[in-house]
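Q: Pulled these from TrEMBL:
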type	residues	note
DOMAIN	11-208	domain 'Thymidylate kinase-like'
BINDING	G13, T14, D15, G16, S17, G18, K19, T20	ATP binding site
REGION	265-321	region 'Disordered'
COMPBIAS	265-282	compositional bias 'Polar residues'
DOMAIN	335-462	domain 'dUTPase-like'
REGION	444-464	region 'Disordered'
COMPBIAS	455-464	compositional bias 'Gly residues'
Amino acid sequence: MSEYLGKFIVIDGTDGSGKTTQLQLLVGKLQAEGYDVQIADFPQYNTKSAGMVEEYLSGKYGGADDVNPYAASLLYATDRFDASFQIREWLKQGKVVVCNRYVSASFAHQGGKIPNALERKLFFNWLSEIEYKIFNIPKPDLYLILHVEAEVAQQMAKDRGREDWKGKTKDIHEDNIDHLKKAEQVYLEIAQTMPDFRLIKCTRNNEVMSREDIHYLVWLYANRILSIGGIKKSPDFQAVSDILVKKGRVTPNLPELMNAPRASMTINPEQKAPINSNTDNSLRGIPAHPEDENNETKNIPEAPSQAYYPPQSEPTQPQPNLKMSSIRFERLRPEAKLPVRAHASDAGLDLFACEDCSIPPYGQDAIATGLRFSIPEGYVGLIWDKSGLANQGFKTMGGVIDASYRGEIKVVFKNLSEDIYHVQAGQKIAQLLIQKVETPTVEEGPIDVGEGRGENGFGSTGLN
C-alpha cells in the first residue's frame with residue numbers, strides 16, 4: 001500500500017502513441033469527477049536538471065545506440081530525482097498526480113539497447129534500485145503503457161508538432177526506427193512481467209483507434225486504482241457507471257453496492273476452506289484486464305451483492321481462555337482476501353498480498369494483507385514461510401502477533417534471489433499458524449548446570 005494519501009498514475013508508451021493527448025483527457029475526466037489533479041512531465045525540458053537529457057536527445061553525444069544505457073539512464077534519473085520532491089508533496093496532500101513518462105521510459109528506450117534478456121533484466125534491477133531505493137523517488141500506483149507499432153508511432157511523431165520540443169531540430173529516438181522497434185518490444189516485455197504495469201493496445205490493423213476509445217480503456221484502469229483505498233470521502237461509482245452505460249453493459253446492482261451492509265467474517269479451522277485461490281469477495285467494479293488481445297472489451301462480471309468497507313470501530317475485544325473453534329478476521333480494505341487452508345489438515349492459513357509491489361534483489365518490504373484479527377488470550381499468531389517461495393529464495397522475516405494486537409497484519413518479505421521479485425495482489429505470500437502459548441513470569445537466580453551442555457558456547461554444537 002502506498003505511503004501517500006494521493007494516487008500516482010503514469011502514462012507511457014512508444015513515442016508518437018498519443019501519450020500527451022491521453023494525459024489531457026484523463027486529467028479532464030479526473031477534474032470533472034472532483035479530484036485535485038497535478039501533472040508531471042518528463043523530461044523537464046528547459047530546466048537545468050534536464051539539460052544533459054536535451055543534449056543527449058539532440059545527438060550531441062552520438063546516435064541513440066551509441067550512448068551506454070546505464071549512463072543515459074542516470075541522466076534521466078537525475079531529472080526525475082529533481083522533480084520527486086514536488087511530486088511527493090502533492091501525493092502527501094492527497095492529490096492525484098498524472099505523469100507523462102517515468103522510469104518505464106528508461107526501461108524501454110535504454111533497456112532496448114541490451115539484446116541479451118538476462119543482462120536486460122539485471123539492468124531493470126539496477127535501475128529500480130537506483131531510482132526507488134537510493135534516489136527514493138515516489139513509486140507509481142499504476143503504469144499505463146500505450147502500445148502503437150513502431151512504424152506507425154514514428155510517422156505520428158513526425159506528423160505532429162511537438163510543443164515540448166520547440167527550438168530543437170530532432171529527437172534521436174524518434175528518428176531511429178530500429179531504436180523504436182527495440183523500445184516497443186521492451187515496452188511489451190515490462191507490461192507483461194511487471195504487476196503494476198498495464199498494456200493498452202491503441203491500434204487495429206495498423207490503424208490508430210479513436211482517442212475516445214483509447215481514453216475509455218485508460219479510464220477503466222485509472223478508476224480501479226482510485227477506487228482501491230480511495231481518496232474521496234465516499235465511494236463514487238458514477239463515472240464507471242457512465243462508461244458502462246455508454247458501452248451497453250450496465251452492472252445492474254451498482255446502487256445496491258453503494259449502500260450494502262458490512263457482514264462479519266469468520267473462519268472455522270475445523271471446516272474445509274475453499275481451495276480455489278481465485279475466490280475473492282472483494283468489490284472490484286472494474287476487471288483486472290478489461291480488454292483481450294484483439295482489443296475487444298470483455299464482458300464485465302457483475303459485482304457481488306454485498307460490499308465490505310473499512311470498519312469504523314475496533315473489533316470486539318476477545319474474552320480470555322476461549323476455545324479456539326474459530327478466528328474472526330475483519331477486512332480493512334474491500335479487495336483483501338480472507339486466509340484459507342489449501343487442505344483441511346493444513347496447520348497454517350495461507351495469507352494473501354493486498355497490493356502489488358516489486359522487491360529488488362536482497363531487498364525487503366512489509367506487504368499488506370488488508371486484514372486484522374482477534375486472538376484470544378493464551379494464543380499467539382506466528383507468520384511462517386511458504387515452502388515454494390522459500391525454495392526460490394523468498395523469505396518471510398518472522399512475525400509474532402500477540403493477542404492484544406489490533407493493527408493490520410503485514411508480512412515482512414525478504415528477496416534473497418538475484419532477480420527483482422514482483423508480488424501481485426491476491427498472491428499467497430506466507431502462512432499463519434495459531435498456537436497456544438505459556439507466559440511465565442521472569443525470576444532471577446542461580447542455575448544448576450549439572451551435566452548440562454553449553455560449555456563451548458552458543459553455536460558450537462553440530463560442527464563435527
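Every residue number used here counts from 1 along the chain in the order it is shown.
Cβ from N, Cα, C; glycine included.
Values in this document were obtained by computation on a predicted structure and should not be read as measured data.
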Q: Averaged across the domain 'Thymidylate kinase-like' (11-208), what pLDDT does the model get? Just tell me the whole number, please.
A: 89
Q: Give the number of CB atoms, excluding that of D15 (ATP binding site) itself, located within 10 Å of its CB.
A: 23
Q: Looking only at G13, G16, G18, which of these binding-site residues has the biggest number of Cβ atoms within 10 Å around its Cβ?
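A: It comes out as G13.
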Q: Sort G13 (ATP binding site) into helix, strand or coil using the DSSP assignment.
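A: Note: G13 (ATP binding site) is in a strand by DSSP.
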Q: Please report the DSSP secondary structure of G18 (ATP binding site), reduced to three states.
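A: Coil, per DSSP.
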Q: Fewest other C-beta atoms within 10 angstroms of its own C-beta: which of the binding-site residues T14, S17, T20 fits that?
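A: So among T14, S17, T20, the binding-site residues given, the one with the fewest Cβ atoms within 10 Å is T20.
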Q: Looking at Cβ-Cβ distances, which residues of the chain lie under 8 angstroms from K19 (ATP binding site) while being 6 or more apart from it?
A: I11, D12, G13, N100, R101, L146
Q: Could you break down the residues of the domain 'dUTPase-like' (335-462) into DSSP helix, strand and coil, giving a count for each?
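A: DSSP composition of the domain 'dUTPase-like' (335-462): 4 helix, 47 strand, 77 coil.
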